[in-house]
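Taken from TrEMBL as is:
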type: DOMAIN; residues: 41-290; note: domain 'G-protein coupled receptors family 1 profile'
type: TRANSMEM; residues: 23-50; note: transmembrane segment
type: TRANSMEM; residues: 62-87; note: transmembrane segment
type: TRANSMEM; residues: 99-120; note: transmembrane segment
type: TRANSMEM; residues: 132-157; note: transmembrane segment
type: TRANSMEM; residues: 197-219; note: transmembrane segment
type: TRANSMEM; residues: 240-261; note: transmembrane segment
type: TRANSMEM; residues: 273-292; note: transmembrane segment
Amino acid sequence: KGLENHTIGSGFVLLGFSDHSSLQGLCFAVFLAIYLMVLTGNSLIALITVVDSSLHSPMYFFLRNLSILEICYTSVTLPKMLVGFLMADGRISFLGCAAQLYFLVLLGIIECLLLAAMAYDRYVAICDPLHYTFIMSRGLCISMVVGSWVVVIPVQIGQTYQVFTLPFCASHDLHHFFCDVPPLLELACADTFWNQVMLYTIVMVFAILPFSLIVISYIKIINAILKIPSILGRHKAFSTCSSHLGVVTLFYGSATVVYFKRRSRDSVYTDKYLALFYTVVTPMFNPVIYSLRNKEVRIALKRLL
C-alpha cells in the first residue's frame, strides 16, 4: 500500500531529449512549429470538407474525421513536450501519465480503424462504382466512425487500469517523450506477462487486422485499376487512393516497428524516435499529402483562400 502511494505521489519523469540539454530551446521552436502546422493544416482540411459542397462525399467525411483525430492525437503529447522543453522539466504526475496513455492509445487505435474504413470506401468506389452511393450511405459512414469509438473505449479503459495497477518500484525515469505501454512495463517490478499478452492482443485485433483489411482492399483495387483500358482512367483511379496509401504507409511503418520489434537497451533511443514519427510527423504530413495529391482538395483550398 505504501509503495503504491509513493508511486502515485512521485509520478514519472519523461527523459525525452534530456541527453541533449543544450538543444532544449531549438527543440521547443521546432516542435512548436510542427504543432502549429498540425493544427493549421488539419483544421483547414476539416473546414473545407464542411463548407465546400463538392466535398460532401463519404471519402471526405472520413478525411474530416481523420483531420480532427490528428489534432486531438498530437494535442495529447505535444503541449506537454513543449512545456518540458520550455521549463527543462519532464515530470508528469501518475494520473497525468495514465490520462496521456489512455487517450494516446485510444486515438491511435481509432486512427487504425478509420484508415481501414477509408480503404473500404476506396474499394467500393473503384470496384463497385454503380452501387457506391447505395453501399456507402451516410448512415453506414456515421456508424463506422461512432462504432470505432464505442468498441475501443472500454478496451482501453481495461488496458490503462491493468498497466497502472502495477507496482513501479524501480526508477521512475521513462526513456520516452510521452507515456506509452512498452516503456511503462519496463519500469514495473512485477510480472508483466498478462500485460504483454493484452498489449499484443489489442495490437493484433485493432491494428494488424485493420491493416490486413487495408492490404486486401488495395490488392482488389489494383486488380480493378489494371483492368481499366485507358491510361488516363487508370491514373485518375489511382490518384484517388495514393494519398490514403501514403498516410497508411507512414503511420503503420513506424508504429509496427515500435510495437513488434523486440526491445533492448540499445533500441530504446530508436524506439522513442520512431514513436515521434507516427505521433507527430505523420499528423503533420497528412494535410500536405492530401492537398498535394488530391485535385479536388487543392481546388477547394483555393476557393476558400
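The backbone N, Cα and C atoms fix where each Cβ goes, glycine too.
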So what's near the transmembrane segment (197-219) in sequence-distant terms, Cβ-Cβ under 8 Å and 6+ beyond its ends?
105, 109, 112-113, 115-116, 119-120, 122-123, 152, 155, 158-159, 162, 181-182, 185, 241, 245, 248, 252, 255-256, 259-260
Selection from 23-50, 62-87, 99-120, 132-157, the stretch that has most Cβ pairs under 8 A to the transmembrane segment (273-292):
23-50
Within the predicted model, mean pLDDT of the domain 'G-protein coupled receptors family 1 profile' (41-290):
88
